[in-house]
């Protein structure tokens, strides 16, 4: 009984109780004092699991309560304790992003390399959560960075999958394996390309990620970048591949031959110009060598659904991707154009040819997607177009922009399918725009170079303290005028090209009027984007022209100042002061202009955003809206033309000013020194130019304010549009409700008037009744003494009732207390009953066990009885055998006697003696055997008796039970055999 009680006590300490519930609640609330008091009580443990497998220690880690952790550690909690899923407190703290808690656990010697059931460390969970501080703390405490979980992921792969770039950078800086693979063979670079994180891709490439690695399905990083549809990542990878290819290729002639072969074998859409992709990889070469496989490969599930439901959106997205790639390619080509030597130019040609080949591949894929339904006849035309476009790009011709549209017009025959024609026209327009933009960029670069030269000349002139001769000044003035003329002519040529492009766009818009409403809307949207791009380029050109003009004016003012300095010949210090003041003024002006230009650009971007929102909010009506969009486009083109005319006027004015300046210079050359009055006049002119510059600044500010006003107006329009679109229905509802309310109010007024009339009649009646009642009351008034007596009697009754009420309240409280006591007694009785029931259940279990033991003992007794019966049978058999043996002995004796009698007569004495001895020996042996059998039988009977007694007493050994069971089975087998 004592051992049973001890067992019950041990089980009670491990069971969940109220203190454990309170401990969980205190940890949930972060009450460290209550946690300390509860842990001091018996039975409460911080690592005890509840029904869900939670513990108070792990809950504190999930909540990040550091004070509770300190209290638990002082009470001797096991820091390495795990919950039902194998998570330690360190894992849970990292999972929930609590760096302070992690730091404390590591200080209390919690192992940083501990692993849960999934093979993950705390660093895996910190990387998945994206907590940079937690990752830093774990790395400082030497948590394994390249340890893989059951899925084959290291913390770097987990951070990339969850899109935490900062954690990725930190892990890479602390020695994470860049080329580590998961179970599917995917590297960190592949996962970063799939998630579309350009920063992480760049960091991985810098850390030496291998771009040629392939996963278990044979896909490389480029494939995953195409899945994410991120053009920036694709261009990054392609540029890296091209760099690696350039480093690896020993000779450039072989590469040139390979590219020329590929470009001759290739067929596809018209090629986009000056694309930066790298030389083709061996996988792409295999794809190119089998064009049938490219065209016959089916699209994936997502792509087929996309093209089936929204083909127009797919076309527009592909065109936009091409534009992005073209913009990237122009930047790459501009950077490549800086090469000067012949060897570098040859390298540049090889690179450009490789990039052209890769672009044709990409364009072919896009065209196959867009023209899946178009007839096969268009493929030959498109291949001819791509071949022609590649040749025109690679041929060194001076007039590229003029040759391209004619070649496209010759090489592109009319196709029956409308989608094919629209895409081809768009490609042609985009090519023309890109060419014109490229030429504009070149010219702007040349103008900037000229400006730099002018600035250098000015600086050299400033450094010279000696006075300049009039001849040198005139030469500088003539050089400036020539340069200004050159820049003006270049600018006019660029503007003419822009105008021609705009006219071509107009013609393209007019030619597409016969198409369907949806195609019109798509074309108008595309041209909208092109016009916006042109607008931006025009504005840049305008701003640069204004800057050029301002620079020219500055140069003129500086020249005038130098001439004045020559006339007056002031000291070098005064010159330097003047120079510094003018430089500071010019710098301030430039800063203000740059600031205003930035604000102007921001305002324009906001206007574009508002226009886009307005377009998205306006209802789309196919034919009417296309006409409206065309009108707006025409207006925008007219505005652009106006701006161009204004620019040309500005340049003419600048030219006129230059001519005036030349005339003045020629007059000044006549005389060696400038007169004081003339000097004052020149000062006046410089002040005028300054005022003009300030006026231009004010104009810029006014333009900026106008743009801001336009912005506010557009915002108001958007708000008004939103309010009207939402509140028209509400307004109608309000009007209807107001009308109904007015009708109801009118009806109520009528009813109220009627009610008033009735009430006035009732008031008159009541006044009459009041007068009558007053008269009756005056007749039936009670005297004051009787009234006071009644009041006293009523007060006494009220007091008595109040006393009774108090007594009843007291009785009620007593009854409540008795009820509470009864309830407590009932609850105690219930608890006792539950305890008794548990004891009863335990006793019943013991009784059932004893009954089972009793049944087993009865079965064993029955078996022993059977064994005793068999033993009695064996004894009887033995008795029978003994009797038979005695009979045989008697027979032998008789035979001996007979033989002894015969021996005297027949044989000699020797033989008789020998036979007698033999027989005697046999008899002795038989007697010995009989004695041994009796002994064995007695021993067996005694053993059986002992075992029967033990079985009756319930003290039989297990070995004996096993032997008895074996005997019973043997007896059963013998009976079955019989």
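Heads up, the Cβ atoms here are built off N, Cα and C, so glycines get one too.
Range 270-276 is the one annotated as motif 'Nuclear localization signal', of 235-241, 263-269, 270-276 (source: Swiss-Prot). Range annotated as region 'Disordered' by Swiss-Prot, chosen from 40-91, 92-143, 144-195, 248-299: 248-299.
Checking 318, 411, 422, 905 against Swiss-Prot for the annotation phosphoserine singles out 318. Swiss-Prot tags one of the stretches 323-348, 349-374 as coiled coil, and that stretch is 349-374. Counting same-chain residues at least six beyond the ends of the repeat 'ANK 6' (184-213), those with a Cβ under 8 angstroms from any Cβ of the stretch are 152, 156-157, 160-161, 163, 165, 168-169, 172, 178, 219-222, 224-225, 227-230, 232-233, 236-237, 240-241, 244. As a summary of secondary structure, the repeat 'ANK 2' (52-81) carries 17 helix, 0 strand, 13 coil according to DSSP.
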